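The annotation transmembrane segment is assigned in TrEMBL to 49-70, 82-100, 212-230, 429-450, 470-489, 501-523, 535-553, 565-586, 592-610, 617-638, 658-681, 736-758 (among others).
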């Protein structure tokens, strides 16, 4: 039975035979304006190395153009948004050309691409001058954390170099067996380069326009127009570029989360680097598990492409012997497709960064609701911030609409956090609702030329027919789940007045390890054994965290939400509801659903209770990821695969990418959190104190304290704020939880790196034979020498 019709939201239609309008132009394609200026620098850039030099110059220009503007939007980030400048420039300039070409004011030509770039530079300069004179702008410039800017730039060029080398080793646009979707991507990019207006021509449908979410390919085409680099070379330059945009964005957000939790630049840098590893380089744990089998000579050799590279990304089963797509960013980078979700990945991190930056600007946002204290500079900067968030969300829709629900919901939470200074509660709710509605409406209007021409083909929600095994989730998300468990346990125990044997990590850690080992070695045991082990594991993880939440609420009294609405009974009710939901899910044989609901509920309680913006935003990301995961255990999006065994392949594929990004960034912040609780970084903080006197107090240890500017108690969440006088434990169980959690995280992250270490080479060896020894970026080079086997002994 189909449950919900969500045609427009997910770019799908319930009836494949119905159409909103003909998917053809009003005139034959041959009569459209000719646009043939894409390869304007072909005489120079047809060589791989000269094309690389031109591309690097373009990347430097993109960075410089929006820096004066972006630094004001992200003024509370350690790198002040340096990591996002290239992407912001591309989104604004690219959107300007796309919109004007879509309404046929201009044609998609090189000259207008350069004009748009100059326009963004002019806008950035004007806004910088308009905001320069404000007292708060001057205050924001007193701290110049150059180490974070250097770190962000080093991450960008380091990741770019790594994935560029991969493309130099294997630049092929296709492979007779493992070619991926590159032919389609080349067709879309070339169609966009030749289209004067949008939607672009359809490369497979004579006189028709492209009925696909093409905006990500358009942004690549925009870069190719700027540089004039041929598509066959530009494709292999764009792929490492978007991987590096993802990595540097992850560094910025993770560093901001770490820096807001503690006054310690070293923790911020470390959190940023952990975020890069978890988001851009970590794989799931299946390869590490298979290495154990290989030690016992119970696995194929490392040259087996399917065993070591392909199957780990088809991990979540839905029927016996069948799998969904459970890829992650590093696989995407090595496989080297430029599909829609690849371009969307850095955009999703930008949405997260804009949301967190907005939450940090709660004073500026809240001042809009008050007549006193309102400043024009403050208001224009806030409106620019909201506008950029709307543009990014809007750009996500024609790029990869599957991401929109998750990140729109997270943005709504960020907006609510940004209104925490508005009182009373009803006024705050009205303001937050109005801002969310305004952002959503603006995002929709901004991409209206796309939605007016797009005809969705499928789009209903139906119930999931099979249950996902818990072991599959442990293998795919195990690194993140372990860090979330220990990180939240350490944080929750800090606010308890007394220790409890039921929360002793020296007892619970061996118990957890025993259950994990039993489940792993018992994979061939009876179904009853596996179900029992799964249930015990979920009860242990969710039960420990819920009990820690209960003790924290009991130990730390909170003020009421309003005169008529006490906070503590509500918190107890939330904890009880989460426990009941998890028990019901377990009773119906759905341990994955029980785990996701339990962690989502715990994270929600943390979001309600914790006062620090960084901790609360981490909790919001965990809750978002877990609620998405829980939803995927209940429903899926109906598409053309619905009638067969692969019925939820695309649903898992698209939404698990979002889960990976959210948990990767949240866990990077939690690692920094645990380092602070354990006191690991205190000597580093002391050595840096003299260099960062504008940031760190001379007497501040490396521990969890409110950052500068939030020391005074301010309204938080819904008013559920722990009283300042409540004692926070700094030794004992919290320190043990953090110390053991760091050890577990270190081992888990090391295990996740088994995929890039042992699986990269076998993918890069997937080439036409005989392959040439020299390096090139020409994706068509294989056409000069490649052979395709047609029968045994023949080619």
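Including glycine, each Cβ sits where the backbone N, Cα and C put it.
What TrEMBL says about a protein is an automatic prediction, not a curated fact.
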Residues of the parent chain within Cβ reach of the transmembrane segment (736-758), under 8 Å, 6 or more residues beyond its termini: 274, 277-278, 281-288, 291, 302, 308, 312, 330-331, 334, 478-479, 482-483, 485-487, 489-490, 493, 504-506, 509, 667, 671, 673-678, 680
Leading contact stretch, 49-70, 82-100, 535-553, 592-610 vs the transmembrane segment (565-586) - CB distance under 8 Å: 592-610
Residues from the same chain, set at least six apart from the ends of the transmembrane segment (49-70), whose C-beta lies under 8 A from its own: 41, 80-82, 84-86, 88-90, 92-93, 117, 120-121, 123-125, 127-128, 164, 223, 226-230, 233-234, 237, 241, 384, 777
Distant-in-sequence neighbours of the transmembrane segment (470-489), which means Cβ under 8 A and at least six residues beyond its ends: 278, 282, 284-286, 289, 315-317, 326, 503, 505, 516, 519-520, 523, 530, 534, 537-538, 541, 544-545, 548, 591-592, 595, 599, 602-603, 606, 622, 629, 656, 659-660, 663-664, 666-667, 670-671, 673-674, 737-738, 740-741, 744-745, 748-749, 751-752
Outside the transmembrane segment (535-553), six or more residues from its ends: residues with CB under 8 Å to it: 470, 481, 485, 488-489, 492-493, 495-496, 500, 502-503, 508, 511-512, 515-516, 519, 568, 571-572, 575, 578-579, 582, 586, 591, 594-595, 598-599, 601-602, 605-606, 609
